[in-house]
């Protein structure tokens, strides 16, 4: 380890910045957040530094560097393009055992600035010691996207309660379990993201009381897993999955997504394939509520988006009625994700001015209560979930109500997976084509399907 990572307290500490250009200004911006007393020595100041000086955020102590300027300085930042001058200042500072950073010159640095992820009071610094700055930038971008902005306020809230909880929960092991449960639960982060700070504070207070009285709190998170490819899971979805105590998932959820959960999370398959349910909807609702009431952070993980033909609304009605805290994390619905992976734009100025999503699954026996005339517009794209179930009936009704028999049709199975299969035909051919692919399938009907051959980019076209 060439560099020791440290977090330095600079509040009211004198820091000398040598240089007055834009590079110096960038370092000043970082230093301002620490409360340091920032002194500048430079012949001239760039416009940004002049503005900062006008606001009295920095002190311009001189135009020419003097050795005496190093007196009582905590650290020095050198930001000029004069190599010889930089070397001189560095040597003077080194002799006085003052920490020095010379911008973009690691050989003249006794400390370096890491890439900083600021979720104050939580701070993360990343560095390669100057070996791979582009790689560090990529890592920073990755972490920035994964760490919620709310985590800083959550940490501050925990700091406010830390001593009180220490007084109430004296056993160090139980206290650690308390904090782990509180943070894994995700309720506080959810409330903070909504701006409900008072309720977030109340959750901690209630958690302390519940701990003292041996009561538990739980929650339900409805998460859309996307159409298949685990890369289409949202960042928010990943964050919530990783807080789950129990995951209730459908058959269609990619196992690779389940592998992203905590190792100690209990994963339970609850079915949900058309005409093949391992558990009834009412029993599932009751089971989910029961788990949450036992104090578990329950994630209900569904393929696609939970609110589009996913019965998510029905499940949350039951959860809400039971008085359990819940949240919803949208997912990329199959109609959009699968179409994109098939190279089929659902709208196009030349071919389609609107798109309709419908399901091929009927809740009860009998005919659809569908306005077929509305779907007969040849400038409209129709996307049918679980389309294999009633494809013949759908085809006949569309043709009967004026849809052209040669309207292009796409039948897609295992969409967004590497082994996805796409069959292209026409509306009149749908009856025979539908049995050539495995369930579940997505049907796309409309002239936009003709673009598949031109812009197909993924899988088996």
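In case you wondered, yes, glycine gets a Cβ from its N, Cα and C as well.
Listed features, source Swiss-Prot:
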type     : residues                          : note
REGION   : 1-204                             : region 'Precorrin-2 dehydrogenase /sirohydrochlorin ferrochelatase'
BINDING  : 22, 23, 43, 44                    : NAD(+) binding site
MOD_RES  : 128                               : phosphoserine
REGION   : 218-461                           : region 'Uroporphyrinogen-III C-methyltransferase'
BINDING  : 227, 303, 304, 305, 308, 386, 415 : S-adenosyl-L-methionine binding site
ACT_SITE : 250                               : active site, proton acceptor
ACT_SITE : 272                               : active site, proton donor
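In the structure shown, across all protein chains, 305 is the one of the recorded positions 250, 305 with the greatest number of other Cβ atoms within 10 Å.
The most densely surrounded of the binding-site residues 22, 23, 308, 386 is 386 (count of other Cβ atoms within 10 A of its Cβ).
Sequence-distant contacts of residue 44 (NAD(+) binding site), defined as residues of its own chain at least six apart whose C-beta falls under 8 angstroms from its C-beta, comprise 20, 63.
Taking the C-alpha atom of residue 227 (S-adenosyl-L-methionine binding site) as reference, the shortest distance to any of the recorded positions 22, 23, 128, 250 belongs to 250.
Distances between the Cα of residue 43 (NAD(+) binding site) and those of the recorded positions 128, 303, 305, 386 are shortest for 128. Within 8 Å of the centroid of the Cβ atoms of 227, 303, 304, 305, 308, 386, 415, where the record puts S-adenosyl-L-methionine, the same chain has further Cβ atoms from 226, 252, 309, 310, 331, 333, 334, 335, 337, 338, 385, 442. Shown in sequence order, 19, 20, 21, 24, 25, 42, 45, 46, 49, 79, 80 are the same-chain residues outside 22, 23, 43, 44 whose Cβ sits within 8 Å of the Cβ centre of the NAD(+) site.
Around residue 43 (NAD(+) binding site), a 10 Å sphere centred on its CB holds 11 further CB atoms from the protein chains shown. Taken over all pairs of the listed S-adenosyl-L-methionine-binding residues (227, 303, 304, 305, 308, 386, 415), the Cα spread reaches a maximum of 17 Å, rounded to the nearest whole number.
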